[in-house]
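Just below is one structure, and these are the notes that go with it.
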Amino acid sequence: MALLTAAARLFGAKNASCLVLAARHASASSTNLKDILADLIPKEQTRVKAFRQQHGKTVVGQITVDMMYGGMRGMKGLVYETSVLDPDEGIRFRGYSIPECQKLLPKAKGGEEPLPEGLFWLLVTGQIPTEEQVSWLSQEWAKRAALPSHVVTMLDNFPTNLHPMSQLSAAVTALNSESTFARAYSEGINRTKYWELIYEDSMDLIAKLPCVAAKIYRNLYREGSSIGAIDPKLDWSHNFTNMLGYTDAQFTELMRLYLTIHSDHEGGNVSAHTSHLVGSALSDPYLSFAAAMNGLAGPLHGLANQEVLVWLTQLQKEVGKDVSDEKLRDYIWNTLNSGRVVPGYGHAVLRKTDPRYTCQREFALKHLPQDPMFKLVAQLYKIVPNILLEQGKAKNPWPNVDAHSGVLLQYYGMTEMNYYTVLFGVSRALGVLAQLIWSRALGFPLERPKSMSTDGLMKFVDSKSG
């Protein structure tokens, strides 16, 4: 499994195999996620301790002046267990690619897309769950979903001009009143028990997020109509779409896919790093996740799919809905020559087509192949990369996840673009909270990198070159 694959190098192949078999046996025999974690964590603590004792002084990489001024881009400085972003392959969740997750993770009865519950189980344990384990998780989240009255009152009294992401962040912060970790910490709980309380808070928060998000949507766009009640027989995504007011089974399938693929993207992006940083101060999961959502609300992180839709709409307005390849090329070149970018193309790390784009494209080809906006997106996919390569400036001319997601949401009637980042946030909770559990389990300390002033950096460089 992903947590133990390197054990052979430290403990010997035979002992490592025993650990893997023991973990798999625990996974197969229990539907209680916390029980499985209680079995896995001591083994991983031992593995990490041995690794650090043997290789703690090993140099991982060099830091350049450009890295320090350039947003620490490419700097290796975090341990993040749940996912790894490969420039050529895209994201891998505990070693599994998106196509593998689509194939292996359990699905709803009659459905074709993976259930986010299965992805969360994978992120936490490193194991593909059984249908029974996923069903347990769906029911567990349904049990924990109710919102406290003060949060409901708060959401119902927000002004309608308050951005949905501001409402989400504020409501999650207010849920901190329910934190079992915060209460236990104030009472002096032993640090070896931290992960157990972080687990409980994380499970509660994930369970409540669809209720919070749906209430925001109904208050802003559906005249404050009721979100209804959680159905314990339905999965997490299905309950979410019901509360939003959507009854189309295809939209529920899209939501399962969307919430799965947006869940995690290794640890260096703004929302993941923020939750990791704030959590390292032993802020509870509610405060850590609220901080992450404030980062996600920034236009450089969570608003890209809105920018794509605005650009596509403007394109259609200027050149028409049924545009030739030649006219489309001219429009793209005009966009680039005016100093603007083509939204939805390029990525800070990826150097190939984002597999999150590809799986959304496959969904559209299956369910909405004749939709005019999808046809335009598909047409751009044929044309834009070659133009960007010809221009010679882009390191990655290929589309990313944001080039497609907004078009799919629009097709099923969710046209409120300001709300899209809330969906992103609900999904991202799966990844960052899974990691937060492991950060406390492995005893990660307060994050405190060293900063330097420009003058200090110049003196340092002079001393090196002199």
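Placement of Cβ uses the backbone N, Cα and C atoms for every residue, glycine included.
In Swiss-Prot, the entry for N6-succinyllysine among Lys14, Lys76, Lys215 corresponds to Lys76.
Largest Cα-to-Cα span within the oxaloacetate-binding set Arg356, Arg428, Arg448: 33 Å.
For the recorded positions given as Lys375, Arg428, the lowest number of other CB atoms within 10 Å of the residue's CB is seen at Lys375.
Of all the recorded positions in the list Lys57, Lys321, Asp402, the shortest Cα-Cα distance to His347 (active site) is found for Asp402.
Averaged over the motif 'SIFI-degron' (2-21), the predicted model reaches a pLDDT of 39. Over all protein chains present, the Cβ of Lys321 (N6-acetyllysine) has 11 other Cβ atoms lying within 10 Å. Around Lys193 (N6-succinyllysine), taking its Cβ as the centre, 13 other Cβ atoms fall within 10 Å, counting all chains. Here the Cβ of His301 (active site) has 16 other Cβ atoms within 10 Å, regardless of which shown protein chain they belong to.
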